[in-house]
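The domain 'Phosphofructokinase' annotation in TrEMBL covers 186-488. The ATP binding site annotation in TrEMBL covers 193, 257, 258, 282, 283, 284, 285. The feature Mg(2+) binding site is assigned by TrEMBL to 283. Annotation comment: TrEMBL describes 284 as site 'Important for substrate specificity'. What TrEMBL lists as substrate binding site is 311, 312, 313, 356, 357, 358, 412, 464, 465, 466, 467. For 313, the entry in TrEMBL reads active site, proton acceptor.
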């Protein structure tokens, strides 16, 4: 059995196959999709697979990649495409493996809730509560109908940009549940790096579980590592324990990267009696969660594995945003403002700020747009030259000559093609990046020395500071709802899913669809154009 790191690496690209049974046989780490038994006409079996998509090809091809098998000359192509999309985004349910699983009336009913009573078999009330979500409720994934392929951010399937409906499952409490609260042992883990809002999500998962009637809730310390390290004992959780944890940053449970093999993790879950697992993390963590889900299915374990997407990089597919992002952007303002004051107060001052963003420049872009003080924003998705007549340094000289000062904001993954390559990897299998912030600082000093111009360069790297703070109000609300809906999804019998906000609505998606490749800034998007308008920077090519 591969290690968890290998599982994560191998599952970040979805293998192409037209043979669903082969995918079932391969199960575990290399398979992200399972052949599903249909439960109803509204939930078709998941039999289609997709081609592997790299981040670059995803940007280039957009939604056309998922339509590659559609014959556009077929007059019914749109109907077929919509059906294929529904199959891809159909979410796994425990009845796929346990067709005889019995549903019971939900123990979640706020209208009749009493904290002093136990309603294991359902609430003893004849009065109907209208707070439930129907299993057929859907959320529209795309809300813009493009009039032409040249529209900013257009993702067209055919040459006419025909409107195609793409519906995904709405999140929320269901009237029927598939787990009896008194038999549930729920576990929560936080993986990867720190992120504002981790404690908020933990808190509301625990609170919502208790409202359902769950008494046995534990936290697994230090991510997946906590399943194998005998020195790390699980932490009992209750409302009393988590009541005030959202008032500070970090994670009550601790974080780590990598971990034991998927088989070892599932062995540990069996041994501990865990039948609900809530996994908070990014793309790699979700790939691991999906592998755990598949292994549980292979062993015919009645377990719900639910992810909550966490990354300040905001690079999870389909989501409006991930929790922690707003807080990171807000905290980044402090660094940008400091850089501006330093630059503005000095003779020929230049302030350089490096922000997080390995493969995507969302933080740098949004922070630059929000601050209104940035003159140059450099992100991984948009190529640029430092030197030459159209290079960054030439424009920087122009800014010094005309404004007297300048502020540069760079994402950590920007300009990697200008640095010496490294084959080093971190525990999650990510390539360790070169430090472009230090590089541009040195090149700036060297350039202006050669130009015989005196400049005062100040470099600020708040990298880890922006992720270690407490969640702001916006993220606090997002974390609250994500935590609640993760529990609702688990009790509804779904597994191998993640929960996110999509077009202002909360929805469930199958994990493979959100980890196919990282989301990135579209250089033709309106948001990037707004950033360019704010900074006034030219193309640096």
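Just so it is clear, glycine is given a Cβ too, placed from its N, Cα and C backbone atoms.
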- [ ] List the Cα distance (Å, whole number) between residue 357 (substrate binding site) and residue 285 (ATP binding site).
- [x] 17
TODO: State the count of C-beta atoms found within 10 angstroms of the C-beta of residue 193 (ATP binding site), not counting that atom itself.
DONE: 22
Task: Cα separation, residue 311 (substrate binding site) to residue 193 (ATP binding site) (Å, whole number) - done: 8
Task: Cα-Cα distance, maximum over 193, 257, 258, 282, 283, 284, 285, record's ATP binders, Å - done: 13
TODO: For residue 313 (substrate binding site), list the number of other Cβ atoms lying within 10 Å of its Cβ atom.
DONE: 29
